[in-house]
Structure formats: C-alpha cells, structure tokens
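The structure appears right after this line, and notes come after that.
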Amino acid sequence: MRTDVATQQWKNSSVYALLKSKALLIALYFLIFIFGIAYGSGYKFYNGYRILQVALLFTLGFWALYQRQFIVSKVELLFFAFIALGSLFWDNALFIVTDLLLAYLLYKGFQALIYNALITKAVVLGSFVLFLMLPVGLFDYINSGLYRSDWYPLAWNIRIYNSYLFILSIFATWFYISTVKYRNIYLVFLFLALLAILLDAGRSAALAYTVFMVMVGICNRQVWRPLLVVYALAFCTYVGMSYTASLSVDSASSALQIARTTTSLRYDLWLHALECWLQSPLVGCGFYQLDNYEQFAAHPHNLVLQVLSETGLIGFGFLAFILFSILKHINWRAQNSYFVLAALVAIGVDSSLSGVHIYPITQIALLWLFVFLLKNPEFAHAAHFNLPQHNTSASNRYLSTAVMLVLAVMFCYLVINTSIFLEDMPSTPPRFWGYGYHLL
C-alpha cells in the first residue's frame with residue numbers, strides 16, 4: 001500500500017511531469033549547443049546539429065503519433081499536393097522539397113509541444129555559459145585592436161549566435177517583467193546579449209533587438225527605464241571598447257563595426273529573387289541559386305522573398321495562411337498582447353534581413369519561441385492553441401502513420417547517402433547542410 005501511495009505521489013510530482021515533458025528534448029538540444037558539444041569541426045558540426053534537429057522533430061512526431069495526437073488535415077494534404085506539383089517545375093527541386101518537408105516537421109513539432117516555463121528559464125540561465133570567454137575576447141580586442149569572435153564555444157557563423165541571443169533576449173525580457181525574485185539576472189543577460197551582437201556587427205539582430213525593446217518600453221511604462229538603462233549601457237560599453245581598441249592600431253578602421261558601409265549584397269540578393277519570381281510567379285523557380293552559385297547566395301536573406309522566389313504565390317499563400325491563423329486567434333485586447341506583438345514584429349524584422357529561418361539551432365529557437373508566444377497559459381489566446389487533438393479516425397491514423405514513415409525514410413536516405421561528411425567542402429552560405437549548394 002505504501003509503495004502504491006509513493007508511486008502515485010511520484011507520478012503527481014512536478015519532477016515526474018518534467019521528465020515526461022516533450023519540451024525536455026528542446027532543452028537538451030539547446031544545452032548541447034550552449035556547451036559547444038559537436039561532432040567534427042568547421043561545417044561538420046553544422047551538419048551534426050542539423051541531424052540532431054531532424055532526429056528531435058521525428059521524435060516529437062512519432063511521440064504525437066503514439067499518443068494519437070498527430071492529425072493530417074486537409075490543408076496539409078493540399079500542402080503535399082503542392083510539393084508534388086511544384087517539384088515538376090522547380091529548378092533543383094530536391095532542395096526545395098527537403099526545406100518544405102523540414103518546415104512541415106517544425107509545424108507538427110509546434111502542435112505536439114506544450115510550453116514549460118521552468119525549461120525556458122533553465123535555457124536562458126544556461127545560456128550565460130556562452131559568455132564565459134567574453135572577457136578574454138574583450139581583453140584581446142583592446143590589446144590588439146582587432147575583434148575576433150572566437151570566444152564563442154563553437155566556430156559558428158556568428159549570425160547564428162546573434163539570432164540565438166536575440167531570441168533568448170525575448171524570453172529574458174518576459175521573465176524580467178513577470179518574475180518577482182532575482183529578476184535583475186535577466187537584465188544582465190540582456191546587457192551581455194546586446195553587447196555581443198554589437199561587437200559582432202550583427203545589424204539585423206541589433207535592429208530587431210532595438211525594435212523589440214522600444215515596443216515593449218512604450219507599451220509597458222513600468223519597465224521602460226531599466227530596459228533603456230541596459231540598452232544604453234550596452235551601447236556605451238561597445239563604443240568605449242571600440243574606441244579603446246582603436247588606440248591600439250594606426251587607424252580606427254576596426255572600431256564601430258556596426259556602422260560598416262557594406263550591405264552583404266542584400267540589395268542584389270533581393271533584386272535577383274524578385275527577378276526570379278517574376279519569371280514564374282505562381283509556383284516559383286526553385287533553388288535557382290545553385291545554377292549560378294558564384295553570383296547568388298544560398299538564400300536571399302529575406303523570408304518573404306525566399307518563399308516567393310522559390311515557391312511562388314502558392315507557397316506564399318501557405319505562409320500567409322499560417323500567419324493569418326495566428327493573428328486571427330490572438331486576443332489583442334488582452335493585457336499582455338503587446339508583448340506578443342512586439343516579439344512577432346521583431347522576429348519579422350530579423351527574418352527580413354538575415355537567415356534566422358535557415359540555421360538548425362535558430363529554427364528550434366524560433367519553434368520554442370512560437371510555443372511560448374502562443375501556448376503560454378499567461379496569454380489569453382493560449383486556450384485556443386492548446387486545444388487537445390485526438391485522432392479518432394482510423395483512416396487518418398493510417399494516413400498519419402504513412403506520412404511519418406515516408407518522411408522518415410526520405411530523411412534517413414538523405415542523411416545516409418549524403419557525401420557532406422566525407423568531403424572537404426568549400427566555405428559557402430549554409431542552407432540545409434553547411435555547404436549550402438550540396439544535398440546528396
């Protein structure tokens with residue numbers, strides 16, 4: 001009897017609930033990234049994180065399938081039909097099909113996940129590990145006059161870290177607003193995150209960070225002062241560090257990197273994307289960059305233009321449908337709706353100027369951010385997005401199982417047969433793999 005009571009108490013405990021939570025998989029993925037655990041070096045660990053991401057999404061999918069919570073809707077069947085149709089017209093269609101199916105897995109992952117505040121706090125606090133070597137990097141910057149971003153745990157493209165820190169800053173801001181005890185620790189994170197972004201000259205992340213802070217400060221007058229102080233302190237620290245570093249060299253060319261005049265050819269990338277879309281406005285032209293990779297980057301650094309140019313108006317229609325479904329069910333009159341709006345606008349800014357939607361770690365960060373924004377019980381609209389799904393139709397269960405098995409076979413084939421791990425690929429803008437112009 002006592003054993004039964006103890007067992008029941010254990011099952012009712014918060015620790016047991018946490019261990020059963022699917023969100024724990026998200027936390028483990030973040031922790032692997034935070035501590036810099038990776039296979040190989042260079043682009044190999046980018047590819048390793050992609051494989052981990054796909055494995056994570058399939059785990060969520062099969063978990064939902066086991067619990068009969070995986071339902072293939074009519075809209076999803078239309079989406080698959082569009083992929084089949086588009087593959088007949090797209091250039092290098094396998095690239096686009098892979099990206100779209102990965103987006104589908106992310107969407108189903110969102111449906112399967114339930115928000116967990118404790119896990120989110122653990123991820124934010126654990127992300128302080130990223131800054132352990134920042135003092136060493138600053139000391140080297142001041143002494144040499146040359147800033148190097150090698151203080152991060154992994155030698156990623158620094159834009160990945162910039163976008164990750166920006167997304168985590170949204171969580172940190174919310175916890176500062178909603179937490180009573182030890183809330184100032186989140187201000188420290190906001191300061192370090194912005195300072196790192198400024199040092200890396202991450203302009204899109206810095207702009208998105210600024211837009212988010214301004215909107216939150218305007219809508220919540222109780223926190224605008226500390227947020228302004230943190231922002232000003234980070235910016236002044238950056239300017240002071242850059243000026244001091246400039247004294248170590250003959251000129252100030254290395255200082256104030258955020259103000260550099262280059263645009264990473266954004267205008268040319270966007271112009272090429274529009275020209276491509278005009279050639280095939282309905283279904284897009286696929287992965288057109290591959291045929292002229294010396295001129296075009298692997299993606300146009302703009303989510304809307306990428307969807308339009310690669311999948312046309314039909315593909316953009318699916319994206320618009322998702323966005324409309326989100327905006328339609330948010331209670332904009334609720335007290336905390338301003339925070340959701342600020343986060344969505346800021347994410348829109350970053351995704352219109354960067355590749356935040358491309359990298360595996362930032363894709364998972366965006367996935368968890370949308371779970372937080374739409375399924376957090378502290379937001380009034382969470383009741384709609386948390387509606388339980390139960391697949392009672394036998395035919396749909398068979399269909400759902402078939403969909404997951406086909407997707408699993410496809411991605412397993414892709415991973416097993418790719419030569420991306422066997423060859424020394426050149427340094428290019430990443431896409432699915434680290435070498436963006438190679439898939440198999």
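Heads up, the Cβ atoms here are built off N, Cα and C, so glycines get one too.
TrEMBL entries are annotated by machine, without manual review.
Annotation source TrEMBL lists transmembrane segment at 21-42 (among others).
The feature transmembrane segment is assigned by TrEMBL to 48-66 (among others).
If one looks beyond the transmembrane segment (78-107) by at least 6 residues along the same chain, the residues whose Cβ comes under 8 Å of a Cβ in the stretch are 54, 57-58, 61, 280, 283-288, 290-291, 310-312, 314-315, 318, 322, 363, 367, 403, 407, 410-411, 414, 431-432, 439-440. The transmembrane segment annotation in TrEMBL covers 78-107 (among others).
Among the features that TrEMBL reports, transmembrane segment is placed at 113-139 (among others). Here the transmembrane segment (113-139) has long-range neighbours at 14, 18, 21-24, 26-27, 30-31, 34-35, 60, 147-153, 161, 165, 168, 171-172, 175, 185-186, 189, 192, 195-196, 199, 241, 367-368, 371-372, 375-377, 382, 386, meaning same-chain residues at least 6 beyond its ends whose C-beta is under 8 angstroms from one of its own.
The transmembrane segment annotation in TrEMBL covers 160-177 (among others). Remote same-chain partners of the transmembrane segment (160-177), defined as residues 6 or more beyond its termini with a Cβ less than 8 Å from a stretch Cβ, comprise 33, 120-121, 123-124, 127, 130, 149, 152, 183-184, 186-187, 189-190, 193-194, 196-197, 200, 202, 204-206, 208-209, 212-213, 216, 220, 223, 226-227, 339, 343, 346-347, 350, 354, 356, 359, 361-362, 365-366, 369, 372.
For 183-199 (among others), the entry in TrEMBL reads transmembrane segment. Residues 124-125, 127-128, 130-131, 134, 137, 141, 147, 149, 161-162, 165-166, 168-169, 172-173, 175-176, 205-206, 209, 226-227, 230-231, 233-235, 237-238, 241, 257-258 of the same chain sit 6 or more residues outside the transmembrane segment (183-199) yet have a Cβ under 8 Å from a Cβ within it.
With helix defined as DSSP H, G or I and strand as E or B, the domain 'O-antigen ligase-related' (189-319) counts 90 helix, 1 strand, 40 coil. As annotated by TrEMBL, domain 'O-antigen ligase-related' applies to 189-319.
Taken from TrEMBL, the feature transmembrane segment covers 230-249 (among others).
What TrEMBL lists as transmembrane segment is 302-326 (among others).
If one looks beyond the transmembrane segment (338-359) by at least 6 residues along the same chain, the residues whose Cβ comes under 8 Å of a Cβ in the stretch are 46, 157, 159-160, 162-163, 166-167, 170, 173-174, 177, 203-205, 207-209, 211-212, 215-216, 219-220, 266, 299, 301-304, 306, 330, 332, 366, 369, 373-374, 379, 381, 429-431. For 338-359 (among others), the entry in TrEMBL reads transmembrane segment.
Taken from TrEMBL, the feature transmembrane segment covers 365-387 (among others).
According to TrEMBL, the feature transmembrane segment maps to 399-422 (among others). Nonlocal intrachain contacts for the transmembrane segment (399-422), taken as residues 6+ away from its ends with a CB within less than 8 angstroms of a stretch CB, comprise 40, 43-44, 47, 51, 54, 58, 61-62, 65, 70-72, 80, 98, 101, 104-105, 391, 433-435, 438-440.
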Surrounding residues of the transmembrane segment (48-66) on its own chain - C-beta under 8 Å, 6+ positions past either end: 22, 25-26, 29, 32-33, 38-40, 102, 105-106, 108-109, 111-113, 360-361, 363-364, 400-401, 404, 407-408, 411, 415, 432-433
Taken over the domain 'O-antigen ligase-related' (189-319), the model's mean pLDDT: 85
